[in-house]
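> Just passing along the structure, written as structure tokens.
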């Protein structure tokens, strides 16, 4: 069977369904795929297809996720849905599926529940920038006032976590009825996707962001200078660009890129995804090392203290067998290197058990190029015991 060609004319966005268990996330995912395939052509997905989520390994953590794709008139979407609550937490923290926006599913019959709150908080912490709300199971509630109350409750909850609760689109529908093909409820799915199309902005492409490349290796070429190799994480770099070497050292160092090579060939420029060697002017071999990053000046800064949202691996996932306490000192693995850090648990939290997720503050012994949303692993003796994401920078 010939593979379908990927249509690049439409903008691409990554979204996912979030919300409390049994509020209808997977049914909604199936309904969107089915309704849009009727409207746009393409393949429908059944509930069973999506619910049997394959296990994936992301940085040693086992996560069950389903990936579904569909398109609207203007966009192509990759949609991620997770069967279990723990899978969501892991998915969002590891960034296994980076989301440009999310659809928060809330059952109109139950209103917001504990996981609704937790998923909104996680979205805030890990940087899911935009949410649209789908109030599900509205066919089961015939009291208009009750629906309005639930909507107000959801909006208040979103505002509590710094989302614009008053402006977020809230669509009332029934995923199950839409999946069963009832036209009035199918219309609500179309309305939902119109809201997603218009409310969730087109994500900035990796190549349009400011240049950054984590340094993987460094070597000197006699007579030419020092070369740093690595994979460009974002943006573009051209010969003649000024870049900063950031991290580990107290001060960032500025230098000019005098050559860009890929597969032993010279290039004019390189962009996100390319594995390159960058020749740096006036940089001694010992002035740059693995773990630092090359970046557009001023675009990212070195830090030691931050708040993080962390998932601690369970024993079954190969994590710790025992809890840890405040002042725990593991290695924090950022991009290409380990740095020792000190964990401080929030007030009133005495210890963290394997399998938990927790917000903690971390102090690294050396500065690293960090920003909100930077992902890291926590390691002990080379094995991964946790995964986290920088929620806010403190110093």
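Here the Cβ of each residue, glycine as well, is placed from N, Cα and C on the backbone.
As the structure is a computational prediction, the values presented were derived from the model and not from experiment.
OK, Swiss-Prot features for this one:
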BINDING   19-26, 81-85, 136-139  GTP binding site
BINDING   26  Mg(2+) binding site
DOMAIN    10-204  domain 'tr-type G'
REGION    19-26  region 'G1'
REGION    60-64  region 'G2'
REGION    81-84  region 'G3'
REGION    136-139  region 'G4'
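How buried are these features, and what lies next to them?
Other Cβ atoms within 10 Å of the Cβ of residue 25 (GTP binding site), summed over all protein chains shown, number 26. DSSP gives residue 25 (GTP binding site) a helix state.
Residue 26 (Mg(2+) binding site) has a Cβ environment of 23 other Cβ atoms inside 10 Å.
Listed by sequence, the residues of this chain that lie at least six past the ends of the region 'G1' (19-26) yet keep a Cβ under 8 A from its Cβ atoms are 47, 50-51, 66, 81, 83-85, 104-107, 110, 112-116, 119, 136-137, 175-176.
Secondary structure of the region 'G3' (81-84), assigned with DSSP and counted as helix (H, G, I), strand (E, B) and coil, comes to 0 helix, 1 strand, 3 coil.
Here the region 'G4' (136-139) has long-range neighbours at 23-24, 27-28, 105-109, 147, 172-177, 185, meaning same-chain residues at least 6 beyond its ends whose C-beta is under 8 angstroms from one of its own.
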> In Å, rounded, how far does the Cα of residue 85 (GTP binding site) sit from the Cα of residue 26 (Mg(2+) binding site)?
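Cα-Cα distance, residue 85 (GTP binding site) to residue 26 (Mg(2+) binding site): 12 Å.
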> Of the binding-site residues 19, 82, 138, which sits closest to residue 26 (Mg(2+) binding site) by Cα distance?
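If we rank 19, 82, 138 by Cα distance to residue 26 (Mg(2+) binding site), first place goes to 82.
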> Could you please provide the mean pLDDT value for the region 'G1' (19-26)?
89
> Determine how many residues of the region 'G4' (136-139) DSSP places in helix, in strand and in coil.
2 helix, 1 strand, 1 coil
> Which one, from the binding-site residues 19, 22, 82, 138, has the smallest tally of other C-beta atoms lying within 10 Å of its C-beta?
22
